[in-house]
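Q: The following block contains the structure, expressed as structure tokens.
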Amino acid sequence: MIERGKFRSLTLVNWNGFFARTFDLDELVTTLSGGNGAGKSTTMAAFVTALIPDLTLLHFRNTTEAGATSGSRDKGLHGKLRAGVCYSTLDVVNSRHQRVVVGVRLQQVAGRDRKVDIKPFTIQGLPTAIQPTEILTELVAERQARVLSLPELKERVEAMEGVQFKQFNSITDYHSLMFDLGVIPKRLRSSADRSKFYRLIEASLYGGISSAITRSLRDYLLPENSGVRKAFQDMEAALRENRMTLEAIRVTQSDRDLFKHLISEATSYVAADYMRHANERRIHLDSALVLRRDLFSSRKQLVTEQYRHVEMSRELAEQSGAESDLETDYQAASDHLNLVQTAMRQQEKIERYQSDLEELTYRLEEQSEVVSEASEQQADNEARAEAAELEVDELKSQLADYQQALDVQQTRAIQYQQALQALERARALCQLPELTADNAEEWLETFHAKEQEATESLLQLEQKLSVADAAHSQFEQAYQLVVNIAGEVSRSEAWQTARELLRDWPSQQHLAERVQPLRMRLSELEQRLRAQQDAERLLQEFCKRQGNAYQPEELEALQRELESQVEELSLSVSDAGERRMAMRQELEQLKLKIQELTARAPVWLAAQDALSQLSEQSGEALEDSRQVTEYMQQLLERERETTVERDEIAASKRAIEAQIERLSQPSGAEDARLIALAERFGGVLLSEIYDDVTIDDAPYFSALYGPSRHGIVVPDLSLVREHLQGLDDCPEDLYLIEGDPQSFDDSVFAVEEHEKAVVVKIADRQWRYSRYPEVPLFGRAARENRLETLYQERDRLAERYATLSFDVQKTQRTHQAFSRFIGSHLAVAFDADPEAEIRLLNTRRGEIERALNAHEDQNQQQRQQFDQAKEGISALNRLIPLVSLLLDETLTDRVEEITEELAEAQEAARYIQQHGVSLTKLEPLLSVLQSDPQQHEQLQESYVLAQNSQRLAKQQAFALTEVVQRRAHFSYTDSAGMLTENSDLNDKLRQRLEQAEAERTRAREQLRQYQSQFTQYSQVLASLKSSYDAKRDMLKELSQELVDIGVPADANAEARARARRDELHAALSTNRSRRNQLEKQLTFCEAEMDSLQKKLRKLERDYHQIREQVVNAKAGWCAVMRMVKDNGVERRLHRRELAYMDGDELRSMSDKALGALRLAVADNEHLRDVLRLSEDPKRPERKIQFYIAVYQHLRERIRQDIIRTDDPVEAIEQMEIELGRLTEELTAREQKLAISSKSVSNIIRKTIHREQNRIRMLNQGLQAVSFGQVKSVRLNVNVREAHATLLDVLSEQQEQHQDLFNSNRLTFSEALAKLYQRLNPQMDMGQRLPQTIGEELLDYRNYLELEVEVYRGADGWLRAESGALSTGEAIGTGMSILVMVVQSWEEESRRLRGKDISPCRLLFLDEAARLDAKSIATLFELCERLEMQLIIAAPENISPEKGTTYKLVRKVFQNHEHVHVVGLRGFANEMPSLPPIAAELQQGG
């Protein structure tokens, strides 16, 4: 017997009060005992969370919230956890003895919503020695541990060999694995399934009779019969499809003639237009090719003319360029001549200005000397006038002083004072402290002598200074000349530089004299160089035209070669005419042959189309008429063989259908009469009792019962005896077996099992040996397996029958097609292909035309070569005389050498011209530069000192004279003497004043005269300087202009320039004559090109026009061809015989078909619109779209499952054959598919009966359950009255309601709903559809009502309601119901899980204090009998004697809260207690 799986332990990590706690679970009952808040509910919540980790369902409320619709926000889970990572795991050992740890990682999510994050996971293959806490925690110290995170846990588990860790992102996957491993009793596929499971656990946890479960007991206890519903749905879908197909066949039959007419006219309409466009496209392509050939030939001719034009244009451009160059050179030469003449005139001006400057220089020097002398005299006169002025002023002052002192004493005193002042002034000025009035006269003579001596010294210095000035001016003149010639030099190096300049002067003069000979030589060489360059240019042009590079020495041999080539080309051109004539004659013959074959082609093509259709139909390559007749005989033989095989297949198919019908009987009865007999006898078919036997056990039971496996089990055979009398409608052998149908087993037989056989001892003297059948049919699974095989075989035979029927009809139609072909096309069908011959002839014609074109091109090329050779000879005639000049390689070097010498000579000439006069002046002054008169400055300084000494001497003499004159004033000691002396002095002063004024007047007059004379001299000097500066500036400008002109200014240069100009004028005239000649030739060439371009433009216009038509047609044609190929209608539209009809005939054919189509599609809006659009002649693709639309319309109208082809044309051919056969077959199929209402009633009744028996079996397990006054619990199953009436009507009175079930407009479900409404008119169905109501009526669960009843005291059987029971009784009753539900789920899911898996059974019970000891003992007994585990929570005063009990005490130590747990293994006499579980690990950190 399979051992049931068990939960071994529950582990809580980091829960509130439980840091790392593992609860070992008892095999029966585990009791959590403790006071309020000890952690009992927390432990159960951890178990439930690990079992169902769905936050949408979890809600842990205490009993005070039992009826509340909303509890705390966290639904009781957030507050049970501690911060950080938390775990809840279940250690399970299943029926296969596999250890599985399933659990969840929980973690509080920060926020006001107090959410919890849950991640389910599983660990498989964990060794038994390892506890879950060892995996989930890590020791940090001796009494400290750390909780691992989920990634760390995964890493630790995966490091263990053979241990698998799996994390789940979906609760469905988590529960799927738990179901496969036998942890949960039912596969939880959806959230609704999880909700049912949670509601069951919740009802178990909180105890009592859960209204959520009792109201939905049908959903919890009764399995959904999805197979029956699906069978009904498939049957209805098949019937619906069958009816739709039959309706489509009827419509198709009515439209058959329309289809034929539509496809025929559409093919004519579109194919005619299709081939007309194809013909026009081919014609346009041929025209475009002809125009393109003419265009290319014209372009080639134009290219030739353009080449000639380009060559002549190039030569003309070269001549024009040369002319432009010559004109430029001529203009340059003329300009050069003008420049030379200008330079000559400029040189004359320069020479004239140089002579004027020399004269002005001489006059300027003379005038400078005169001005210098006048300046000196002016200075002397100014000094005398100043002295006279001073003397007059002094005398006037003295006289005024004396006149003011009319008082004698006063006057004398003043005079005495003035005399003393004069004496002091004389002492200071003469530096004579010993001077007195007595010795003043002596000193006056001395100082008069000094004055005379200073004057004489000044005159001597003036003479020396004049001589030094003359020498200094010569040195400065010479030095300035050297600086002008050689640039800045020092005064000490001036003589050496001047001597070198005078030494180089003769060589420069010699070079300047060579300018003219060198120019003449250079002119000759340049003329020869230009001739050489012209010859090289002619050679380059010749090489360019010839396309090869030739050396000058090769030209004579080339001339001889070109002359021979001209002779050969003249001979080859003469032979071209004869060949051209022969090719044209052959071309005309080919055209006549092509016309003849074109007339034969349409008849041959029609025969080939018919032959190709026959080949496609037959699959044979028909190469001659003999094969055609032989194949007709083969068709007749094949038709006979196929007909025989078809009849055989039909017989086999009928036999299989009969077998299917027999196996499809309800309850497995092979004969439908057995079902009626079983109802009549009040028994049950044996096959119905064993209907649930597995397919593996079916062979054994089939052999065990042998022929009696189709017998009827009745409770009492004696009651059946009277029914057997007069029994006629029954099988030949009817087996009746006595037994209880509810508890029937196979113990009535004595059986011995053998290999694939059994021996049954029927009696002491009668044994039966039965082998296992190869195809067992006992039991629903075996029958369904056999039916599936038979269905496949029937479908295969049906397909084969349809194929054979189609082949017969196809063979008949193929034979008719062969007959028509022999009568119409056999005479011409096997002739040679005229189109192939036409293609060959067209190929030959193309070759001849290409040969003609090539011949014309070759002839034209030869003519061009002939002309080119003649031009080459002409050019060589000009080049050969110039070969010696071309070979002169030193000419350029000589020109460069002479050019350099001429540049040196011109430079020397310019030097002589610029500095010749200066060198001439410098030559006589060379000796002056040897000594620099530096003493001139010292002499000037001495002269200035002498002037100052003379002026001082004059002032000293004047001061002494004044003292001498006032000498009498020193004797004024008394007033009389003073008056007398004053009168004399006044007279003397007046006399002296008159003399001084006269002297002053003379000095002024003389100063005015000298000033006037000095002004005149200065003006003359300024005028000379201005004239000198102007002429010098003009000379510089003229010299600069001459330098800017850049040409030599000599007579030979003018002659050379004039000769060069005349030479260029002659060359220009020659070039212009050649240019005029080229322009005339170019005009003729351009006229020819214009005519060719006009022709070319016309050809291009015509070509582009027709090419545009071709391109547009191609774009449309490509779209047309793509549409044609994509839709597979090319074979229908491309009718080659139409290619030989002209456009008018095809257009007429298309128009006629269009008229017929308008009438044919008048009632079809879509086709009418598409046809109207297709009439646009510019959009040929729309006709194809119309044809495709017609095909699509026909495909839609012709069912592809009826007609086995995608081509509507072939479908029309098959329609007449296939539609009749399908109509007959589908009608029969509908009759077979239609299920009778009686059969439906029987299926539902049998299902209800089977479920009632299953509920009775479940009730047997609850009969001994008692809680308080409740002595027993049972589940009552009843059929609803309205639904029972429906079943009776379906089975007994179905003939009265055939209007519903035989209606083609109603499905069976809808008919069933209508019948239900008819039987229960008082019921309001609301807005639900009949289809929905009918589908509900096909579900047997809707026919049943389930109620829980309890047997309580004197009241007997009562409906289990919480109000009628005590709390303990309600808890016990609810637990009983939950056990029944779990058992039902296990049986329902038995087929879905492995046969070696018996799932775990575990329920909860919180707050077990409401149960008395007897009730708790009853729970223990129930758990032991049902192999169920139970976890109950009880107060401290309850300690069951059996099972495992955990004492929970919550303690607080150092602000840390933990639960102290002690475990006991019962305390009855026979059960020794377990030692206390070790204290839990202290909380880490």
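Cβ coordinates come from backbone N, Cα and C, glycine included.
Annotation source Swiss-Prot lists ATP binding site at GLY34, GLY35, ASN36, GLY37, ALA38, GLY39, LYS40, SER41. According to Swiss-Prot, the feature coiled coil maps to 337-480, 509-605, 780-805, 835-915, 977-1116, 1210-1235. According to Swiss-Prot, the feature region 'Flexible hinge' maps to 666-783, an assignment based on sequence analysis.
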Q: Other than GLY34, GLY35, ASN36, GLY37, ALA38, GLY39, LYS40, SER41, which residues of the chain come within 8 Å of the ATP site, judged by Cβ distance to the Cβ centroid of those residues?
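A: Counting only non-site residues, the set is THR42, ALA1433, LEU1448, ARG1450.
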Q: Check the coiled coil (509-605) against each of 337-480, 835-915, 977-1116 and return whichever range has the most CB pairs under 8 Å.
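A: Ranked by Cβ pairs under 8 Å, first place goes to 835-915.
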Q: Considering every residue in the coiled coil (977-1116), what is the mean pLDDT value?
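A: Its mean pLDDT is 80.
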Q: Using DSSP and collapsing to three states, where does GLY34 (ATP binding site) fall: helix, strand or coil?
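A: Where GLY34 (ATP binding site) sits, the three-state DSSP reduction gives strand.
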Q: Taking the Cβ of GLY35 (ATP binding site) as reference, which residues of that chain separated by at least 6 in sequence fall under 8 Å from it?
A: PRO1435, GLU1436, VAL1449
Q: What's the most sparsely packed of the binding-site residues GLY34, GLY37, GLY39, counting other C-beta atoms within 10 A?
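A: GLY37, out of the binding-site residues GLY34, GLY37, GLY39, has the fewest neighbouring Cβ atoms within 10 Å.
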Q: Just counting, how many other CB atoms are there within 10 A of the CB of SER41 (ATP binding site)?
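A: Cβ-Cβ neighbours of SER41 (ATP binding site) within 10 Å number 21.
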Q: Going by DSSP, is GLY39 (ATP binding site) part of a helix, a strand, or coil?
A: coil
Q: Which residues in the same chain, at least 6 apart in sequence, have a Cβ under 8 Å from the Cβ of ALA38 (ATP binding site)?
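A: Set apart from ALA38 (ATP binding site) by at least 6 residues yet with Cβ under 8 Å, we have LEU1448, VAL1449, ARG1450, VAL1459.
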Q: Name the residues of the same chain, 6+ apart in sequence, whose Cβ is under 8 Å from the Cβ of LYS40 (ATP binding site)?
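A: The list for LYS40 (ATP binding site) reads LEU32, SER33, GLY34, ASP1406, ALA1433, LEU1448, given in order along the sequence.
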Q: Looking only at Cβ atoms, how many others are within 10 Å of the one on ASN36 (ATP binding site)?
A: 10
